[in-house]
Amino acid sequence: MRIASSSSASAYSRFCSSALRSKRLVSPAEKAARDSSDLGLSRRLGVLDLLLLGIGASIGAGIFVVTGTVARDAGPGVTISFILAGASCVINALCYAELASRFPAVVGGAYLYAYTAFNELTAFLVFAQLMLDYHIGAASIARSLASYLINILELFPVFKDNIPKWIGHGEDIGDVLSINLLAPIVLVILTVILCQGVQESSVVNSLMTVTKVIIVIIVIFAGAFEVDISNWSPFAPNGLQSIFTGATVVFFAYVGFDAVANSAEESKRPQRDLPIGIIGSLLICIALYIGVCLVITGMVPYKLLGEDAPLAEAFTSKGLKFVSVLISIGAVAGLTTTLLVGLYVQSRLYLGIGRDGLLPSIFAKVHPKRHTPVHSQIWAGLVASVLAGLFNVHVLSHILSVGTLTGYSLVSACVVVLRWKDKTNSQVSSSAEREGIICLVAVALCGFATGILYRFEASLIFLILAIVIAAGASVALVFRQVYADAPGFSCPGVPILPNVCIFFNMFLFAQLHYEAWVRFVILCVVMVGVYAIYGQYHANPSAEENVYHQARVEEAL
C-alpha cells in the first residue's frame, strides 16, 4: 500500500510540476534569429496584407444577414448595438495588439501568451477550446459556402431544381449525419492554396476581401439613396435592453481580428504592423457594419425586415434586384475569406503547439521551400472536410464561441500578468502573484455571475453587488501591483481596460446556451487527461529552439 501511495504521490507531483511550468522568456541578445533557418516561416506579409487578413476573417456573409435579424428586435438602435460591441472588441484588440507587439517572433496567439504568462496546462486547455471552435466553425462555414454556390448556380434555368441536395445543400440522414459533396471539395481547394505558401494564399484572400468590401460599399451607397429617415423613429422602439441584448449577439460578428496575431512569424515588420493590422481591420469592420445598419433600417421599417435574407429582400422591395445579386456574390466572397483565414490560423496554432511538444512533432514540420506548415495545414483541412462532408454541423453552432470568449479573456489577463511578471529581469514574489491571480479570477467570476443574473432577470441589487466586487478587485490590482512599461505597442489603462474585457467577455459567456457550458467542462476534463497521458511527458518549454522572444523596445520605432 505504501509503495502504491508513494507512486501515486510521485505521479501527482510530476503532473503538477509539469502543468505549472511556463515558457522562459529571454532577451533578443540571447537568441539566433529563427528567420535565417528552415525552421521558421517566410516573412512576406506587409501591413496591407495584415489589414486584409483581419477584414477577411471578420466579415463573412453575416454582414448581409445578422444586421437585419438583430434589427428586427432592436429597431434602428441596432446601430448602437454594433457600436457597443465594436467598442468592446476594440478593447480586446488593444490587448491582442500589445501581446502581438511583445512577442513578434513566432506564431501561437492566445496559446503562446497563456504559456508565457500563466502555465503549460492553461495554454493547452485554451488551445483545445479555440481549436474546437475553429474546426466546427470551418465545417459550418464550408457547408454555408457550398449552399450559396448552389443557390447562384440555380439562378440559371438549366440548374434550377436539378441539383440533388447531397451535392451542396446537404442530404440529412437522421439528426446527425448529413451528406454534402461540395463542402469538402471547397475545403480541399483552399487547403491546397494555403499549402502553396503564405504569399499565394494572401493574394487570394486580398482579392476576395477587396471584392467583398467593394460590394459592401456599393450596397451602402445604393441603399443610402433609398433611405427614409422617418424609419429611424423611434430609434429604440423596444428600449435599451433590446440594444444591450443585441450587442451581445453582434459581438461575434467582429470575431476574427485575432487571426492577425497568429501571422506574427510571417509579418515583415511584426512589432509595428501587427497592432496596425489588428486594430485597423477592426475599425474598418465597425465602420462597414454601422453603414449597413443605417441603410437597412432606413430603407425598410424594422418590423418588415425578413429573417433569412433581410438585406437582399430590402433591396428587392425597392426594385434593385441587381444589388441582391451583388449581395450573393459578396456573401460567397465573405465566406471564402473567412474560411481561408480560419484554416490558416488553425495550422499556425498547430505549428506552435507542435514545436513545444504538446502534440506530435509532425505538426512542427515546415516545408523547406514553401515555408508553410504543410502537415498542420493538411490536418486542419482534413478534419474540417470530414465534419463538413458527413455531419450536420449547423446543429452544433450553439456550442461555438466558447473558445473565442475563453481566449479573449485569457489574453486580457495575460496583458495584466506580463506587466507585473517581467521574466526577463526579475520574478514577482509568489504572494503578490497569487493575490493578483485571485483578483483576476474574481473579476471573471463576477462577470459570469452578472451575466447569469441579467439572463434570468434577477434583482438589480445582486447585479450591482457583482459589479461592485469586480470593481473592488480591479482597484486592488491597481494599487497592490507594480506595472512595467510594455515593449512596443502599449495597451492603455492597464489593468482597468483588460479587466473590463474580462468582465464583459465572461458576461457574454453567461449568455451562451447551457450546452456550451457543458462542452467547456467536458473538453477541459478530456484535455487534462490527454495532457496527463501525453503532453506532460513530451513538452519541453525550455528547449532552445522553442524559447519565445520578447521584442526590443526600439524595434517599435
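Using the three backbone atoms N, Cα and C, a Cβ is placed for every residue, glycine included.
As given in TrEMBL:
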{"type": "TRANSMEM", "residues": "50-71", "note": "transmembrane segment"}
{"type": "TRANSMEM", "residues": "77-99", "note": "transmembrane segment"}
{"type": "TRANSMEM", "residues": "111-132", "note": "transmembrane segment"}
{"type": "TRANSMEM", "residues": "176-195", "note": "transmembrane segment"}
{"type": "TRANSMEM", "residues": "207-227", "note": "transmembrane segment"}
{"type": "TRANSMEM", "residues": "239-257", "note": "transmembrane segment"}
{"type": "TRANSMEM", "residues": "278-302", "note": "transmembrane segment"}
{"type": "TRANSMEM", "residues": "322-345", "note": "transmembrane segment"}
{"type": "TRANSMEM", "residues": "378-396", "note": "transmembrane segment"}
{"type": "TRANSMEM", "residues": "436-454", "note": "transmembrane segment"}
{"type": "TRANSMEM", "residues": "460-479", "note": "transmembrane segment"}
{"type": "DOMAIN", "residues": "489-538", "note": "domain 'Cationic amino acid transporter C-terminal'"}
{"type": "TRANSMEM", "residues": "516-534", "note": "transmembrane segment"}
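Per DSSP, the secondary structure of the domain 'Cationic amino acid transporter C-terminal' (489-538) breaks down as 41 helix, 0 strand, 9 coil.
With a cut-off of 8 Å on Cβ pairs spaced 6 or more residues apart, the transmembrane segment (239-257) and the transmembrane segment (50-71) reach 3 or more such pairs and are scored as touching. Stretch with the most C-beta contacts under 8 angstroms to the transmembrane segment (176-195), considering only 278-302, 322-345, 378-396, 460-479: 378-396. The stretches the transmembrane segment (77-99) and the transmembrane segment (278-302) are in mutual contact, each linked to the other by at least three Cβ pairs under 8 Å (pairs 6 or more apart in sequence). Same-chain residues lying 6+ beyond the ends of the transmembrane segment (460-479) with a Cβ under 8 Å from its Cβ atoms: 416, 435-436, 439-440, 442-443, 446-447, 449-450, 453-454, 495-496, 499, 503. In this chain, the transmembrane segment (322-345) lies out of contact with the transmembrane segment (278-302); the count of Cβ pairs under 8 Å, excluding pairs fewer than 6 apart in sequence, is fewer than 3. In the predicted model, the domain 'Cationic amino acid transporter C-terminal' (489-538) has a mean pLDDT of 93.
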